[in-house]
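K.L.:
The structure follows.
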Amino acid sequence: MGNSHTKEARDPNAPLSPHDPRSHASGHHASGSSSSRPRNRASRSDLGGLFGISAGSSSSTQPPYERRETKQEREARKLERERQARLIERERSLKEEHVDGGYLVTLGTYVGTEDFNKAVVRQLQIERRLAPFWRGLNDFSETWTEYQIVAAARGLPLPAADAIPPDELIPRPISATSPAASTQNIDSLMVPMGGRTQSTASDRSGSGLGSSLPSPTSAPSSKSPFKRSKGIAAALNLSSSRNNSTTDIAAPREIKLPHDPFVNGQPMEVFLYKDGSECPICFLYYPPYLNHTRCCDQPICSECFVQIKRADPHYPDGHGDAQNSERPPEEQAGLLISEPACCPYCQQPELGVTYDPPPFRRGLTYSSPTPHMGTMGTAMSSSSSLNSSLSPSSLASPTSMGHSRRRTQSLSANAPNVVTTDRVRPDWATKLAAQRAHIARRAAAATALHTAAFLMSNNEQQRSLRIGRFSRRNTAERTAPGPSTNAAASNSPARPEAAAAESESASPGTGEARSSSGRGIMGARRSRMEDLEEMMFAEAIRLSLAAEEERKRKAEKEERKEAKRKEKEDKKAAKAAAKSSGSGPYTGSSGNSSIAGSALSLPGLGLGRRRGNSAASNLRMEASVASAVAASGSGSPESATAAGGDKGKGVERPMAANSGDSSEHAEAGASSSMPAGSQPISSPQRPGGHSHLRQISNVSSVSDSSFVDASGGVADEGRTAATGVEPTPNMTSLSEVVDVLDEVDHAKSHDATEVQHLENASDNKPPSKDAGEAPSPPELVVTPGTPALNNEGFETNKQLDIKPTAQHDDQQQQRQQSA
């Protein structure tokens with residue numbers, strides 16, 4: 001009894017210490033207190049539970065909040081501990097363990113994660129089925145001395161060739177006169193007994209001098225390096241052995257052979273590295289005793305071999321169905337697959353290596369021969385026993401031995417002396433199965449989620465339909481037509497009986513519906529699932545068709561682009577050919593450009609200055625226009641325009657005549673063939689004038705001489721009867737002349753040099769249109785500034801020889817005022 005927290009918190013059933021004063025209490029007092037204390041404590045705890053107060057909460061404080069360690073942090077701590085343990089084990093193994101001069105741990109050629117099974121690799125190296133981890137040399141020279149080779153093999157600085165070698169580079173053999181050494185050698189060669197046998201005589205016979213002396217293989221002291229190494233190796237590979245059935249089998253016991261640093265009178269490092277070879281993958285120099293691939297017999301060091309592994313599990317999407325007609329069932333089912341590693345030299349699948357060990361034994365070995373150790377050839381022959389003297393024939397040059405024993409054919413991956421990458425990493429099947437199970441769980445969860453969502457949506461739709469049906473029925477009952485409200489009120493006592501009768505009559509139908517509701521729901525679910533599958537199949541077909549249509553549309557678009565490009569190239573080629581042949585619109589009858597001479601000569605206008613030595617160009621222009629008019633024949637006046645193309649530039653030009661009659665005929669023909677869209681310009685001219693436009697286009701003179709009303713009319717229409725009317729090129733005279741020349745070149749295909757005068761071509765003029773069919777021809781508005789020639793052909797002034805009218809006088813005054 002009491003309020004002490006220690007009394008209440010102490011367990012009554014806990015054993016009392018001998019120093020506890022309660023242990024010396026009387027028996028009856030202890031029995032009485034033991035019977036009363038639990039009852040009182042239970043009552044107090046019950047009361048505390050009723051009031052929400054826990055025992056001891058008043059006197060004790062809450063412990064501070066401690067942050068729990070996450071899974072990632074635990075994994076990181078675990079990996080760090082394993083890394084530190086590996087570093088310690090590496091240092092110990094490099095100092096104490098070796099196999100024929102090689103090591104059982106990697107030497108840092110690759111700094112990545114070592115995910116291979118270290119216990120399996122260690123066992124294979126001790127069995128001499130896999131080459132040990134030799135120390136690789138960055139450089140090697142055949143001129144090195146023995147001490148330099150020993151220093152390079154041990155990772156020490158390379159001394160000078162003529163320097164005195166240090167003591168650590170001089171191997172010290174064990175003297176044969178030493179009794180401890182001889183006893184150690186004898187004891188190390190004895191096969192240790194695994195346990196007590198049934199024969200006691202054998203125990204007595206073995207308990208002599210040999211068993212009483214210390215032996216590294218049978219000493220039970222805790223300082224034995226073999227037990228410690230096996231314990232550390234087992235601790236490092238505990239996680240891998242859980243998922244690996246091959247490591248569950250107890251490995252044979254390891255023993256250490258007697259220390260002998262010499263092989264045939266040479267240091268062991270010199271014997272190994274004097275005929276070194278280079279690994280084709282890491283480019284380091286190693287002893288010639290390397291692994292060789294089973295397929296192409298290429299050398300590969302152990303550090304490079306243990307880095308090669310299978311690819312991660314993946315789907316067989318990239319595998320050709322046509323090439324591999326007979327695929328494994330995993331690929332046909334669409335499951336994850338894991339392909340074996342390929343040879344880095346010939347890409348043969350299922351990479352495996354073979355190893356021919358050196359003809360001596362040093363370091364670690366197994367006490368009892370394993371089933372695979374009898375097939376090792378040279379390593380297990382009589383010349384390479386544990387303590388035999390090696391003959392010179394067996395210690396021949398390893399290079400010559402390798403060349404004489406070089407394999408000429410590949411070995412099977414299941415051969416007993418072949419070590420594959422799957423043997424080094426035996427957990428690949430477990431990883432593949434775990435990945436497949438993970439994918440299956442995800443797929444099942446996704447399918448269940450989609451199915452549940454689909455069924456829930458359908459159930460909600462059915463519930464809404466059922467509620468709507470009932471509501472419509474109730475609404476129909478509520479809105480049933482009656483004779484009147486009074487009649488309904490008078491018949492209200494009889495409604496319950498009618499409702500009961502209706503319910504009794506409807507009860508059999510509802511019972512049948514309820515009994516068949518379960519089957520209906522299951523059938524509806526199956527039908528919905530089938531509908532969903534059909535919908536997904538139809539959607540897949542639609543997407544495939546849409547993709548095919550898109551591909552066809554793109555192909556057609558590319559074809560159209562290609563056709564347009566070819567058409568443009570053909571047009572360019574045709575134009576280039578036309579220019580090179582001299583048949584273009586800018587060439588004359590002689591093939592040379594005559595723009596300055598004939599293309600800009602417009603005879604028959606009687607305007608412009610006379611240029612010297614231009615009679616030939618005038619004659620050529622007149623002959624070209626005459627031949628074009630003769631070729632047109634008696635066709636419609638629009639034929640010239642239509643032949644010129646769709647630009648509206650085909651205009652027939654009149655010819656200048658020597659007589660007045662021929663000039664009148666030419667003017668009438670030109671006026672009849674003038675297009676309707678041309679600007680009317682009037683030009684008074686003397687009948688007998690022989691003149692032409694300037695050979696070089698002068699736009700300013702033409703623009704200054706054209707006075708047209710804003711309404712499109714012709715200024716000075718009163719003078720059209722007295723003077724001739726002929727078309728004059730306006731702002732686009734050069735382009736019109738070019739089009740005329742093009743038409744002329746096409747028309748005179750029979751004779752390009754034929755000359756026809758105006759009086760011969762005037763007979764073939766096309767008939768003029770009536771006034772109602774076409775508008776009046778354009779007229780030329782002549783200003784006082786327009787140049788002209790007199791009757792004699794000499795240029796006396798720059799004014800036309802006509803009388804100015806009143807309108808011209810007004811215009812002249814306005815121009816003078818504005819100037």
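Every residue gets a Cβ built from N, Cα and C, even glycine.
According to Swiss-Prot, the protein has these features:
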COMPBIAS  1-11  compositional bias 'Basic and acidic residues'
COMPBIAS  28-37  compositional bias 'Low complexity'
COMPBIAS  65-79  compositional bias 'Basic and acidic residues'
COMPBIAS  210-224  compositional bias 'Low complexity'
COMPBIAS  374-402  compositional bias 'Low complexity'
COMPBIAS  409-419  compositional bias 'Polar residues'
COMPBIAS  479-513  compositional bias 'Low complexity'
COMPBIAS  549-573  compositional bias 'Basic and acidic residues'
COMPBIAS  575-604  compositional bias 'Low complexity'
COMPBIAS  613-644  compositional bias 'Low complexity'
COMPBIAS  674-685  compositional bias 'Polar residues'
COMPBIAS  697-714  compositional bias 'Low complexity'
COMPBIAS  743-772  compositional bias 'Basic and acidic residues'
COMPBIAS  798-812  compositional bias 'Basic and acidic residues'
REGION    1-79  region 'Disordered'
REGION    190-226  region 'Disordered'
REGION    367-419  region 'Disordered'
REGION    468-522  region 'Disordered'
REGION    549-819  region 'Disordered'
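Have a look at these and tell me how they're positioned relative to everything else.
P.N.:
Sequence-remote contacts of a segment are chain residues at least 6 beyond its ends whose Cβ falls under 8 Å from one of its Cβ atoms, and the compositional bias 'Basic and acidic residues' (65-79) has none.
Sequence-distant contacts of the compositional bias 'Polar residues' (409-419), counting only residues of its own chain at least 6 positions beyond either end whose CB sits under 8 Å from a CB of the stretch, comprise 124, 129-130, 291, 294-297, 348, 350, 352-355, 372, 375-376.
Secondary structure of the compositional bias 'Basic and acidic residues' (549-573), assigned with DSSP and counted as helix (H, G, I), strand (E, B) and coil, comes to 25 helix, 0 strand, 0 coil.
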K.L.:
How does the compositional bias 'Polar residues' (409-419) divide up by DSSP, counting helix, then strand, then coil residues?
P.N.:
0 helix, 1 strand, 10 coil
K.L.:
In the compositional bias 'Basic and acidic residues' (65-79), how many residues does DSSP assign to helix, to strand and to coil?
P.N.:
9 helix, 0 strand, 6 coil
K.L.:
May I ask for the residues of the chain that lie six or more residues beyond the compositional bias 'Basic and acidic residues' (549-573) and have a Cβ under 8 Å from a Cβ within it?
P.N.:
none
